[in-house]
């Protein structure tokens with residue numbers, strides 16, 4: 001039996017040159033000996049005996065397809081249903097792709113949470129079922145029988161606040177667990193949130209996930225534009241958790257209001273809305289509006305963290321145990337059953353803005369959960385109107401230091417103000433009810449007399465793409481394609497403050513990577529095709545580094561039942577998960593994933609337009625990507 005152990009993270013961070021040399025090391029040993037993320041020490045083992053998948057599983061329908069392969073529903077001999085993801089090696093274009101797959105497998109196999117999709121375990125030995133042969137990598141995963149949250153919301157007029165809170169708490173619990181273990185997901189969206197047979201959340205697709213370090217920055221611009229944070233769309237380095245917090249705010253808005261917060265009809269409008277935090281003010285405000293506003297803060301230093309969300313009053317309303325306390329209980333801690341005075345005071349300090357907007361319910365919540373109610377703590381009924389959080393006290397300083405927000409002084413306005421584009425509540429009618437005007441869904445312009453652009457009311461489910469064009473949550477992340485469209489480039493760790501990028505001059509200097517999309521750069525697919533192999537060989541040795549000729553038959557000629565072939569597979573085992581041991585950080589790698597789209601006649605590709613003086617930012621794209629056009633297609637038809 002061959003065993004390859006993962007290296008422990010060194011006590012001191014390696015230098016940038018060491019990281020570069022490590023990432024550039026030739027890959028020649030397949031998935032078993034590919035470069036590995038530096039996580040907790042564990043081993044990847046290969047058995048000498050072979051496995052025939054046809055004898056082991058009964059394959060049923062296809063759940064989803066991606067660039068690398070497909071996901072099939074299958075039934076094992078015990079009767080248990082599983083989801084089997086097959087990855088064809090001839091679809092893996094370069095070393096970074098294989099490294100990316102390796103990282104996804106090891107991150108998923110290391111996580112152990114009830115609301116995260118699990119790689120299937122065999123019996124009580126907790127062996128991860130991953131198979132590999134000369135042409136395929138096969139991953140056996142947990143099957144979520146009720147589809148994804150996208151379909152669940154589509155089938156219902158609107159979720160009740162109770163149901164929205166139920167789903168949101170489970171999402172927060174899983175994401176909080178990831179952040180505690182140093183993992184950032186970076187692709188949170190409805191399609192990647194599955195539901196099991198009991199209607200519980202299962203977060204899937206860790207294809208764009210990575211490990212992060214405090215004090216260091218990532219520079220991978222990835223994920224869906226509709227869920228992307230201002231740092232992502234503007235090409236700014238980020239630590240990691242703050243981009244998940246933004247996506248969490250978008251998800252909460254969808255769960256509560258049934259539509260997308262940002263509805264730009266093109267990329268420039270969308271980026272402007274996201275950069276200003278100008279989300280659509282709902283006609284019927286919810287009690288969750290304060291938390292949504294906190295999560296959709298443009299300044300990442302003022303944005304709510306997962307700890308803030310886990311202890312927020314709206315998330316824990318009606319529950320005797322907070323989300324953070326549930327995590328402590330699951331890890332073997334002994335927290336109190338209810339919020340005590342100390343935790344309540346800490347919660348008050350971090351949640352002053354929601355308290356100001358929902359004072360009555362907060363006082364009721366405090367009396368309900370603190371022994372003795374308001375009688376034991378005098379003056380707390382008015383405490384929420386007097387106390388300010390540290391985030392709010394530092395608002396003016398943060399605004400001055402944040403380039404993502406408009407800090408220009410305006411006459412007659414205080415220096416302590418909300419970020420530009422954060423919508424104010426609509427004026428009430430004489431009866432005290434909020435006026436529901438579908439035309440007044442845009443932010444009110446700051447300049448007096450400036451007309452408000454008329455916007456037609458989008459349907460509640462305008463965010464949803466056609467079901468036949470969507471991919472499964474097991475395979476929904478953008479994956480490499482030959483179109484040259486990339487939604488993410490390489491991960492780079494930057495110590496200290498990010499270096500400010502200067503705008504290009506008109507002299508035609510070389511433009512560097514910035515923003516979501518990039519044209520034919522050193523990280524683009526077209527640049528890699530001439531220097532990297534197009535296919536991989538056997539399990540233990542990949543093909544030569546010289547470019548290989550394309551196969552004579554198209555990929556579509558591969559049989560639909562190719563996964564059911566009589567080929568023998570080697571089983572790769574990962575040992576038992578150790579939830580009590582924190583995951584170790586790792587050097588991030590290049591994420592070379594693109595959005596596959598067939599060329600359409602009569603529609604000019606975005607890179608055919610004149611880029612002018614752009615920096616390859618998302619704002620320079622004259623045409624939307626395929627995913628965004630599909631997302632808005634049904635919106636325009638139904639409106």
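Cβ atoms here come from the backbone N, Cα and C positions, even for glycine.
Swiss-Prot lists 1 with the feature N-acetylmethionine, giving similarity to another entry as the kind of evidence.
If you look up Swiss-Prot, you'll see 1-21 (among others) marked as region 'Disordered'.
The compositional bias 'Low complexity' annotation in Swiss-Prot covers 7-21 (among others).
The domain 'Protein kinase' annotation in Swiss-Prot covers 57-315.
The annotation ATP binding site is assigned in Swiss-Prot to 63, 64, 65, 66, 67, 68, 69, 70, 71, 85. Cβ-based neighbour count (10 Å, all protein chains) for residue 69 (ATP binding site) stands at 22.
Mapped onto three states, the DSSP output places residue 187 (active site, proton acceptor) in coil. The annotation active site, proton acceptor is assigned in Swiss-Prot to 187 on the grounds of similarity to another entry.
Counting every protein chain shown, the number of other Cβ atoms lying within 10 Å of the Cβ of residue 220 (phosphothreonine) is 24. In the three-state DSSP assignment, the secondary structure recorded for residue 220 (phosphothreonine) is coil. What Swiss-Prot records for 220 is phosphothreonine.
Per Swiss-Prot, region 'Disordered' is recorded for 372-485 (among others).
Residues or ranges marked as compositional bias 'Low complexity' by Swiss-Prot: 472-484 (among others).
According to Swiss-Prot, the region 'Disordered' annotation covers 529-575 (among others).
According to Swiss-Prot, the compositional bias 'Polar residues' annotation covers 529-542.
According to Swiss-Prot, the phosphoserine annotation covers 538 (among others), on the basis of similarity to another entry.
If you look up Swiss-Prot, you'll see 543-557 (among others) marked as compositional bias 'Low complexity'.
Residues or ranges marked as phosphoserine by Swiss-Prot on the basis of similarity to another entry: 559 (among others).
Summarising the annotation, Swiss-Prot assigns phosphoserine to 562 (among others) and lists similarity to another entry as the type of evidence.
Taken from Swiss-Prot, the feature phosphoserine covers 588 (among others), and the record attributes it to a large-scale study or a structure entry.
When the alpha carbons of residue 220 (phosphothreonine) and residue 187 (active site, proton acceptor) are compared, the span between them is 12 angstrom. Annotated pair residue 67 (ATP binding site) and residue 187 (active site, proton acceptor), C-alpha to C-alpha distance, rounded: 17 Å. Residue pairs drawn from 63, 64, 65, 66, 67, 68, 69, 70, 71, 85, the listed ATP binders, are separated by up to 14 Å at the Cα level.
A Cα-Cα distance of 19 Å separates residue 63 (ATP binding site) from residue 187 (active site, proton acceptor). Its Cβ taken as reference, residue 67 (ATP binding site) is surrounded by 23 other Cβ atoms within 10 Å in the chains shown.
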